[in-house]
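Annotation source TrEMBL lists topological domain 'Cytoplasmic' at B:1-7. Annotation comment: TrEMBL describes B:29-137 as topological domain 'Extracellular'. Residues annotated as heme binding site in TrEMBL: B:His122, B:Tyr126.
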Amino acid sequence: MALFLAVIIRDLQLAKRHGTDIAMTLAFFVLVVALFPLGLSSAPVLLSKIAPAVLWVTVLLSAMLSFDQLFQKDYEDGWLEQLIFSGLPLSMLVLAKACAHWLITGLPMLLLAPLLAVGLNLPSKSYPITIFTMLLGTPVISLFGTLGAALVISARRPGLLITIIVLPLLIPVLIFAVSAIEATGDWSAIRVRLLFLGAILSAAIPLVGIAASNVLRQSLE
Amino acid sequence: MISKNYRLGMLIGFLAFIGTAVALVLIAFEDSVVFFFTPTELQSKQVNPERRIRVGGLVEDGSTKRGPADAEIRFKITDGNTTVTIRYIGILPDLFREGQGVVAQGYLQNAVFQADEVLAKHDENYMPRNLASAMNK
Amino acid sequence: MHHISNMNRFFCIANAILPIFCVVSAGMFPVGLYYALIESPADYQQGDTVRIMYVHVPAAWGAMICYLTMAMASAVFLIYNQPLANLAARAAAPIGAGFTLIVLVTGSFWGQPVWGTGWVWDARLTSVLILFFLYLGYIALANAFEDPDRGGRAGAVLALVGAINLPIIKFSVDWWNTLHQSSSLWRIRGPSIVPEMLLPLLLMGCAYFSLFVVMMILRLRGLYAGRLLRQMRIAAASR
């Protein structure tokens, strides 16, 4: 547990020092969402209908931009190597990295989402569900992204590769999240979708923990 | 090195997460994520008239009527218990027949389903024409 | 280097069975297509459109078998570090991607007249599309590293994570109300398809399967030759 917290604190401090990296991801998120009201200014009804999908697709795309550096720097400066040879439990390290990534990018996007939803004319009664889907869905993005980042260490063009690998794995999250928001008012339909999102999240934690730690160990063999 | 207890703890933790995932899926399957609702489900739950939904069932025999407007068609679909009237303007797929399954997409307004798209659902039975007519006799 | 003798033994067997499967595949496709397109009756509902099924369904089996092969080979490679398994997984991926593409395209051709739409986002169609993306992701990842073993390992992990998709594809039609019909063949009460339509389906299944074996062996040969060439280049460069 101490290791878990230590890794998170370290990553948060690193993120604080290189603040521009996070700021850029969030700026991308805000900018892309803002493009839709501008492009669809003549069709506000259409805009409010596609708002859940716009919000979620943009969350996915912005998150993709933030993964290529997740392990690359640790790999280059030797920190990762030391950690692997120290014999500490790697799966905990991976989960701590994912957790830190969520705190740095997922949480700010979650907090920004209601503000952007106003700009997209999302009906106000959909707000709580939007927040709920983000709460369950963005950690899954961070987890699968961490796995992707571990897979592409030292690959050619890692950023593009992560996107190709990780986005298909996240399609179910997108489907359940967007359809939950669209089902506003029909509680039983929302409940099912949130249950599925929760199931994906709790299955992703051990799955990514085991898979990514194996990948990291092999990356240095 | 990692102690044995630590490994055991991690194993239990991971199994607990997997178990939670399975439990959540099983709970969710009680009312499943559906591509379409059946007429009974449609009646038993409050559906927001602004929400685009799909409803599926068998076209009731003798219920198809050409409406007053151009290319307007009304028919009833049933799941054996409940029927719902569907109003659709447009071209129906080739496989649209009375007694066949269809999935209509649109909005439920005043107990009439206003469809903007009608898809034919094919069942898993494959047989030649002469056998099918022999079976219906 | 002890793997080389292993490889040689494998290729001895593979080269011996290759002609058999070549002949079976070359013979089965014309016979199967004859039964599928000419001899078998038109369906009572779909008419002649049903004939697309004979191309579509066996390709879907092929796509699933390819992924199963890839996932099992990946597991063997990760656990036993057996280079042949790495080659097998790499060999299966583009074949599976091809089968999946056939499934998606022919399914769309069939859906257009029968359902009234070429594509819907129901659970079956979406999960097969994800399968296609998984194949592409595997190919991209496995070839993204200078060291083929490293790429193979990364790809193997992705293939195993993506294996969750296989039962979802298979059972999606039973678990959810999908537009796609459920299986006609694998049913408790026996197939809901008449024998004269089942025959061409099974013939085409055999044809596709033997084509899969032929392509696997040919691709394995090519990949192995490439691997040997790489080792020779490294040896020449380091001398």
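Glycine is no exception: its Cβ is also placed from the backbone N, Cα and C atoms.
Around B:Tyr126 (heme binding site), taking its Cβ as the centre, 25 other Cβ atoms fall within 10 Å, counting all chains. Take the CB of B:His122 (heme binding site) and look out to 10 A: across all protein chains shown you find 22 other CB atoms. Helix, strand and coil content of the topological domain 'Extracellular' (B:29-137), in residues and according to DSSP, is 15 helix, 45 strand, 49 coil.
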